[in-house]
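So that you can see what the record holds, here are the features copied from TrEMBL:
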TRANSMEM  46-64  transmembrane segment
DOMAIN    51-494  domain 'Major facilitator superfamily (MFS) profile'
TRANSMEM  99-120  transmembrane segment
TRANSMEM  132-151  transmembrane segment
TRANSMEM  157-179  transmembrane segment
TRANSMEM  191-210  transmembrane segment
TRANSMEM  222-243  transmembrane segment
TRANSMEM  306-329  transmembrane segment
TRANSMEM  344-364  transmembrane segment
TRANSMEM  376-395  transmembrane segment
TRANSMEM  401-428  transmembrane segment
TRANSMEM  440-460  transmembrane segment
TRANSMEM  472-490  transmembrane segment
Amino acid sequence: MISDNFGYSQSCLFWTCQSSIKIDILRCSFSHVFLSLSHLQHLTKSLLAVAFLASFGSSMLYGYNLAVVNSPAQYIKEFYNETMIETYDWTPHEEVLTVLYSLTVSIFAIGGMTGALLVGRLVTTFGRKGTLVKSTGLVFIGGALMGFSRWCRNPAMVIIGRFITGVHSGISLSVVPMYLGEIAPKNLRGFLGLVPSIHICLGVFIAQVLGLSELLGKEEHWPLLLSLVVFPTIVQLMLLPWFPESPRYLLIEKGNVHATIAALKWFRTKGNIQAEVEEMQEEQRSLSSIQTLSVRNLLMDRCVRWQVITIAVVNIGMQLSGIDAIWFYTNDIFKNAGIPEPHIQYTTVGTGAIEVISGMLGCFTIERLGRRPLMIGGFLFMGLCCAGITVSVLFQAQLSFMRYISVGCVVGIIAGFCIGPAGVPFLITAELFKQSHRPAAYTVAGCLNWLSNFTIGFVFPFLEIATGPYCYLIFCAICLGVALYTIFIIPETKNKTFMEISQMFADKNNILEEELMSNAHLKMATMNGYGALGQNDEG
């Protein structure tokens, strides 16, 4: 008993020291935050409202659904066991219950990949905002199935409900950053592009808090815990339809100049609307077709070869960085660090709070630092921490302080991921492609992201059994590889227009600038003043 108390005292001392170090780091980081606020001078209330509203009812649900099944895991298994006995008069083995629970968890990723495959067609048909509004119906269906599953004594309702909410997350995970990237002025694309990643972290944190045993982490409350996703969606459905569609979609894909001007006036209280419309028209003239490209045509288009490779590398690297796998090992690491088992749930909530804080730091510093530093720094720090976990686990039997190093590395991986790699891949997927290529690019990026998510969740338990703590060296190598790719291949896109970014990749793709602009003969309506229309006589 004395040794247990001594171990707990040691862990408390470690967390106290670590907290003081974090406070100093946060002071320094927040000074950069305040310096970066000058970059937000063009941020209007309308832009901020639509960013938070779109993320609150979509991106936050993705984070919530990732974490919500962890705390009621045992209750869900017991429910499956009871219904099997009642329905089939058969008592399933523990292995069968584990498979059913694993299916409940992983079916969310399969639904996400299904949703990602639909993104290109949906955003072309219904628009960016229209897709977000119409897809909310999936949340109500999925939430109702999960919420009434215990009352109906039907385990299939939980699994199907998870699949349907996964489809919604697969759609929104791509459409939200696409929508925000298109409505934002170029000097705010980074800030608004990381707002969804903050909400993803916030969703994880809320799920961890509500899953505490003092709140909804009880046997009778788990269906309610799973179905709470409908409430943020109600708020989004009530308010988001009042906001305009993406101006770029309205002009480049629909050719509606009047609606484009109205949307820009809604989102911009200041600034040169004429210059923005002319930039969109320049992009439209550069397109070989106003029609949206298919995934097949995107993959065959040599003009965007390196952009496609880039989104593949960063989206696969994002999921294979070890961030998903870390949750499999977190409780064991905290337990080995001397933290009593009843207190581990609160420590896990603490890591969720670190996610939110780190995401906010990344959001407020991206327009000052740029995309590359956040990506490079985040992946390098994660790689260092992955190697640190391997070393600390190997030597913690001989050196007792190593167990605290492993806890610090877990926190470091989470913080490093949320500062940059959590949100920047979705942001640069929007930035690297022009309007005709963007939906197909998000389909490719989303599918690779979800496929990697499913793969790591399925393979990691076997990988950990086969290699032990050495498995984190694999994640270390992946993180270092993505960081090196970012250093040598990915240019800085901060404050660049979509056309400028395309021209930056022209040399890598061996495309002449004349070829890039070869289709500049479309007659387009231009603006002769603030809202006045004229006809361009080019060609």
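Just so it is clear, glycine is given a Cβ too, placed from its N, Cα and C backbone atoms.
Keep in mind the model is a prediction, meaning the values are calculated, not measured.
Within the same chain, the transmembrane segment (191-210) packs against the transmembrane segment (344-364): three or more Cβ pairs sit under 8 Å, each pair at least 6 residues apart. The transmembrane segment (157-179) makes no contact with the transmembrane segment (376-395), as judged by fewer than three Cβ pairs under 8 Å among residues 6 or more apart in sequence. For the transmembrane segment (222-243), the neighbouring stretch richest in Cβ pairs under 8 Å, chosen from 46-64, 132-151, 344-364, 376-395, 401-428, is 132-151.
Within the model, the domain 'Major facilitator superfamily (MFS) profile' (51-494) shows a mean pLDDT value of 87, rounded to a whole number. Ranking 46-64, 132-151, 306-329, 401-428 by CB pairs under 8 A with the transmembrane segment (344-364) puts 401-428 at the top.
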